[in-house]
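The structure under discussion appears below in the form of C-alpha cells.
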Amino acid sequence: MDHKHPATPSPGAASPASGHAPQDRTPRDGKLRPVESGVGRNADGSPRTPLLDRIRSPFDLRNLSAEQLAQVADELRAETLDTVSTTGGHLGASLGVVELTVALHAVFDTPRDRLIWDVGHQTYPHKILTERRHRIRTLRQPGGLSGFTRRSESEYDPFGAAHSSTSISAGLGMATAHDLLAHEDPALKDRHVIAVIGDGAISAGMAYEAMNNAGSSGARLIVVLNDNEMSIAPPVGAMSNYLSRLMSSRSFLNLRDFAGRVAKRLPQPIERTAKRADEFARGILTGGTLFEELGFYYVGPIDGHNMDHLLPILRNLREADEKGPVLLHVITQKGRGYAPAEASGDKFHAVSKFNVVTGEQTKAPPGPPTYTSVFAQGLLAAAEADPRIVAITAAMPSGTGLEKFAKKYPDRFFDVGIAEQHAVTFAAGMATEGMKPFCAIYSTFLQRAYDQVVHDVVLQNLPVRFAIDRAGLVGADGATHAGSFDLNYLGCLPNMTIMAPSDELELLHMTATAAAYDAGPIAFRYPRGNGSGLVLPAAGEIIEIGRGRVLREAGRQSGREKGGIALLSLGTRLDDVLRAADELAARGLPPTVADARFMKPLDTALIEQLARNHAVLITVEEGAAGGFGAAVMHHLAHTGLLDNVRFRPMTLPDTLIDHNTPAAQIAEAGLSPRHVVRMALRALGVPDEAAEGLSVGRSGPTSY
Ligand SMILES: Cc1ncc(C[n+]2csc(CCOP(=O)(O)OP(=O)(O)O)c2C)c(N)n1
Ligand SMILES: CC(=O)[C@@H](O)[C@H](O)COP(=O)(O)O
Ligand SMILES: [Mg+2]
C-alpha cells in the first residue's frame, strides 16, 4: 500500500512553498464522505483489525515486515477513530502519529527504552499498542484512561504530560541518569530515550532551554520533531516559518539522504569525510540547521507516514554509536487518514463524540453562552471604545474566545505561540507604553508564567489585565488542566486585584472594570463551560473595586445571641450556595448569602459585618485551600472577630481530582449544595443523624 505522504514528492520534484500543503480533500460537493481506509468493518460495525488483534504488546511488532507494520498502522488508525467517535477527545493529533507510533515501538525496545510524548494528547495509538487496548474506550471517562500520558497508568508512560514542551527536559534528565547509573547497571549505557515533540510545543521557551542544555551535554537523546504545521490553530512565529523552509528544501533532503546513506557504509575515517560532506550540505543549503547550532545532529525532514522512511532511519538512529543528541525531523499531517479531520480548520484537534461515517459531531444541545464567549463579548465592547486595548493569547485563540477579536482588530491581537512566560512579559512591555493588554490564559497554563507575573508585572505595578479562563475544575482533561491554584498564587501578591464573577453578567461587569482599571495588575477568573443563561446587555458596567454584595439576609434566629448562618461565596460556586441556602431555609435556618466578588482587595466591611451578626460564617470557593477563605480567616483573626464566629472555609480538597464530569468532580471536591448544608448544620452543632435527608455520605472530602 502506498504510504507516500503529499509531503514527499518524488525526489527532485518541486515542492509547494509550504513544503507539504496537505492535499485539499474536501469533496467538491462539500459533503463529507465515509472514511477512505483499507480497513473493513465487522458485522457489529467495529473495525476489522486482524493484525492489530495479534499485537498484545510492542514486542509483537518487532518481527513484522514494513508491509505488515503499515497494515498495523491502518488498523490502528481505524481503531483510534472508532474509539474517539465514542469517547470524544484529541483526535487530530493522534491520527497524525499513527505510523510514527508503530515505527517507534517496532524499532525501540519499549518500555525499557523510554518513549516520551510531549503534551501527550496524541497518545491514543500509543495506548492501544501498549497493553491498554482493552481499556481504550474508557478514555477520559470517569475511572477510565487519562487523555494524556501518566506514569501511574502504565510502564510505557515514563513521564506524565499535558502541559506542553516538557519532553526534552524530561528525556535529558533520564538520559543523564542512565549515564550516571551505568556503573551500577552497564545495560543502561545502551538504553535509548526518545522524546516526541510537536512543532507547536517546540516553540515554547522551555524546549530551547532543554535543547541548549542537551546540545552541550553529549547525552544520547533522540528528539523526534513531529512537524504537522499545526498547533491547535495554525502555528505562529519564526520557528514555524523556519521549519517550513527546512521542509521545502527538497534538494536538502535528497543530498542529505544520499550523504547519510553513504556515510553508513564506509569505513570509519572515510565515514568522517562523508559526515563532513553531510554537514557541508546542511551548511550550504540551509546555513546549518538551527538544531545543529544547538548541538544536535539533525536528520530529515522525512515522511512521517511512510514506513519505508521511518523504519530504516529509526533503526540507524538506534544503532548509531555516536555520542550526543539527535533531532529527527518528521513531517506528518494532523488528522491524517480521516477526511472530515483533514478538511477541518483545526484538524479535529479536540472533538466530542461523532459519527465516524459523516464526521458530524454529536454536539450537546446549544446551552447558554459559555463564560469564554461572554468574556469575548465584553472585551469586544471595551475595545470598541478604547483603541489602546489589545488582546494576547499563547496559542489558544479559540479556547480563550479571542478569534472574533482577532478578526475585528487584527492589529491589536497577538498570538505569541505556546509561550505563556513571554506572553506575560510582552504584555508588561506593552503596558509600559500605555497600552491596555488583556492576557487571556487558562488558569493552569498561567502557572508557567508565575515569575513573569511577579517580577515583570506586580513588582512594577503594571496595568496588565489577566483574563483567567478554565478556573476551577475542568472535567475530562482532569487534574493537569484544573485551574485550582490561581487564587493562591495570585492572592499572595501585593498590588494585584483579583475578581471572580458569580455569573455571566458579573463577568461582563468585571471585563469592563478591568478595561477601565489602570492602577495596577488586575485578574478575573472564570470557569470552563456555559453560563446560567441570563439575558445580557451588550456591555458590562464598572463595579466598585473591593466591594461585595449581599443577596439574601438571614432571618434573625430567636434564642440565639445573634443571627444564624452566613454563606460568603466567591465566583460561580454561588449557584450551588444559593441551592444550599434554599435547603437551609426549608429547615427553618434561612442564611445570609453574599457574593464576595473580590478575593483582593477583600471587602473587609462586609466580612466584619457577617462575622459580627452571625453564629456561623462559611466561605466557599472553587480553589485550593489557602486562597480566598484563608484571606478572610487572616482578616478575622487580626481583627479579633474570629474569636466569636464559627468560621468554616470550604475549598477544593488537598488532592488531585481525576477526569470526570464537572458535577461529579464538584461532588468529589465536597463543594456541592449538600456539602454546604451539612457544613452549616455541623457548625451549628446539629448532629449528622439529625440532618436527615442529606444524601452526602462521608465520601466527599470536605475541608473543615
Ligand atoms: C503550556 C501549555 N500551553 C498550552 C497548551 C494547550 N495545547 C495543547 S496541545 C497544543 C498544541 C500543540 O501543538 P503541537 O505540539 O504542534 O502538537 P500537535 O497537536 O500538532 O500534534 C496546545 C497549545 C498546553 N497543553 N500546554
Ligand atoms: C491538550 C490541551 O492542553 C488542550 O487542547 C486542552 O485540552 C484544551 O482544553 P479546553 O477543551 O478546555 O479548551
Ligand atoms: Mg503540530
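Positions of Cβ are set from backbone N, Cα and C atoms, glycine also.
TrEMBL lists 1-53 with the feature region 'Disordered'.
What TrEMBL records for 10-21 is compositional bias 'Low complexity'.
Among the features that TrEMBL reports, compositional bias 'Basic and acidic residues' is placed at 22-34.
In the three-state DSSP scheme, ASN228 (thiamine diphosphate binding site) is classed as coil. Around the Cβ of ASN228 (thiamine diphosphate binding site), the number of neighbouring Cβ atoms within 10 Å comes to 27. What TrEMBL lists as thiamine diphosphate binding site is HIS121, ALA162, HIS163, SER164, GLY200, ALA201, ASN228, TYR338, GLU420.
Per TrEMBL, Mg(2+) binding site is recorded for ASP199, ASN228.
Marked as domain 'Transketolase-like pyrimidine-binding' by TrEMBL: 369-534.
For the pair HIS163 (thiamine diphosphate binding site) and ASP199 (Mg(2+) binding site), the Cα-Cα distance reads 14 Å. The 10 Å shell around the Cβ of ASP199 (Mg(2+) binding site) contains 24 further Cβ atoms across the protein chains shown. Under the three-state DSSP scheme, GLY200 (thiamine diphosphate binding site) falls in the coil class. Under the DSSP three-state reduction, GLU420 (thiamine diphosphate binding site) is assigned to helix.
Counting only same-chain residues at least 6 apart in sequence, those with a Cβ under 8 Å from the Cβ of HIS121 (thiamine diphosphate binding site) are HIS90, ALA93, SER94, GLY147, PHE148, ALA162. The two recorded residues, ASN228 (thiamine diphosphate binding site) and ASP199 (Mg(2+) binding site), show a Cα separation of 7 Å. Close to ligand 2, meaning a Cβ under 6 Å from one of its atoms, are these of the binding-site residues HIS121, ASP199, ASN228: HIS121.
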